[in-house]
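What Swiss-Prot says about this one:
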BINDING   LYS210, GLY211, ARG212, TYR255, ASN282, HIS283  S-adenosyl-L-methionine binding site
COMPBIAS  67-93  compositional bias 'Basic and acidic residues'
COMPBIAS  146-162  compositional bias 'Basic residues'
DOMAIN    200-321  domain 'SET'
REGION    1-107  region 'Disordered'
REGION    141-165  region 'Disordered'
Amino acid sequence: MGRGKKMSKPGDGRSGDVPETCRTGGTNENHPKMNGEVVHLGQPKIYSYMSPTKSPSGRPPLQEENSVAHHESKNLGKPTTETRKKAEVEKKRISSATELSVKSSKQRETECNSIGEYFQTKQELTDVQRNTALTPVDKLQSQKMVKNKSQRRKAQRKKSPNRKLTDYYPVRRSCRKSKTELESEEKMRIDELIQTGKEDGMKMDMIIGKGRGVIATRDFQRGEFVVEYHGDLIEITDAKRREASYAQDSATGCYMYYFQYLNKTYCIDATRETGRLGRLINHSKSGNCHTKLHNISNVPHLILVASRDILVGEELLYDYGDRRKSSIEAHPWLKN
């Protein structure tokens, strides 16, 4: 009697014949539970009504097909569980991507709404500023504030010492010369050379086919004074009379140079033999020198200036400028 409770006999139901999904938790045939197995959703209630003891011949075709699929899914075991896990992971990935797309669309909508609100608020502020004009009292107050600020700044500037460049460096005179000063110095130098009759940087030499000529003994830069064409300064009437007398003697050369000065025609007559070299410079249309008038105390002087850089040993040449037929007939070398 006191030996304990009697164990109830196990039921006659065959444990191997009933599906595992129906054994746990009672025999609830209408609502079978899943325990880690994949059950096809085609007709889930068919499995609970099927009995494994029935022969396949007595089953309908649909029941037979579902039972075969059910047994195959039970026999899969571990691969079926992995497939289910993969399906769950894929489902989670799709749901997360959907949530992200929904969130991004919501964020875009929120940003668009915030931008629209910003521009609307800005427009309202500008409208308010336009509508609310300053009163005369407010204008006076703002002007006073600006004046006070400017006065404060001026006071600060007065307090701070104004430093000059001379506080750090001593004043010194510039050594540079202006263009006018340089031109004035050059004129004074030429005046001195003309008045003294000094002729440096050249010598007289015999030129083949020409006779006497002048050769440079030093380099001359372009625009530099070379020599004066020295002779008698006479007016046009005297020049014509002398030229007629010189034409009677064929041995006399042509050393007369005509020019205009202050709307008046003058002539430099260098026919008389002197020791000056300017009168011996030969003619050439492509010479390396050209003539220029130089004024000394309102008296014109004819000088020769370098047209280009002249090297040592070059013959000094310039264009006489006489293109008259009579002159060319008398002196054919004027053509060159």
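Including glycine, each Cβ sits where the backbone N, Cα and C put it.
The model shown is predicted, which means the values in this text are computed figures rather than measured ones.
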Point to revise | Arithmetic mean of per-residue pLDDT over the domain 'SET' (200-321) | key: 91
Practice item. Measure from the Cβ of TYR255 (S-adenosyl-L-methionine binding site) and count the other Cβ atoms within 10 Å, all protein chains considered. Key: 16
Exercise for review: Check each residue in the chain of ASN282 (S-adenosyl-L-methionine binding site) that is at least six apart in sequence and keep those whose C-beta is under 8 Å from its C-beta; list them in sequence order.
Suggested key: ILE207, LYS210, GLY213, VAL214, GLU315, LEU317
Point to revise | Shell list (S-adenosyl-L-methionine; ref centroid = CB of LYS210, GLY211, ARG212, TYR255, ASN282, HIS283; cutoff 8 A) | key: ILE207, GLY213, GLY253, LEU280, ILE281
Exercise for review: Give me the non-local Cβ neighbours of HIS283 (S-adenosyl-L-methionine binding site): same chain, 6+ apart in sequence, Cβ-Cβ under 8 Å, ordered along the sequence.
Suggested key: LEU317, TYR318, ASP319, TYR320, TRP333, LEU334, ASN336
Revision key, fill the gap. Around the Cβ of GLY211 (S-adenosyl-L-methionine binding site), other Cβ atoms within 10 Å, all chains included, total 10
Study note, to complete from the structure: Taking every pair from LYS210, GLY211, ARG212, TYR255, ASN282, HIS283 (the record's S-adenosyl-L-methionine binders), the biggest C-alpha distance in Å rounds to 15
Practice item. Could you tally the C-beta atoms, other than its own, that fall within 10 angstroms of the C-beta of LYS210 (S-adenosyl-L-methionine binding site)? Key: 13
Check your understanding: Do any residues at least six apart in sequence from ARG212 (S-adenosyl-L-methionine binding site), in the same chain, have a Cβ closer than 8 Å to its Cβ, and if so which, in order?
Key -> MET204, ASP205, MET206, LEU280
Practice item. Over the span of the domain 'SET' (200-321), count residues by DSSP class, listing helix, strand and coil in order. Key: 15 helix, 53 strand, 54 coil
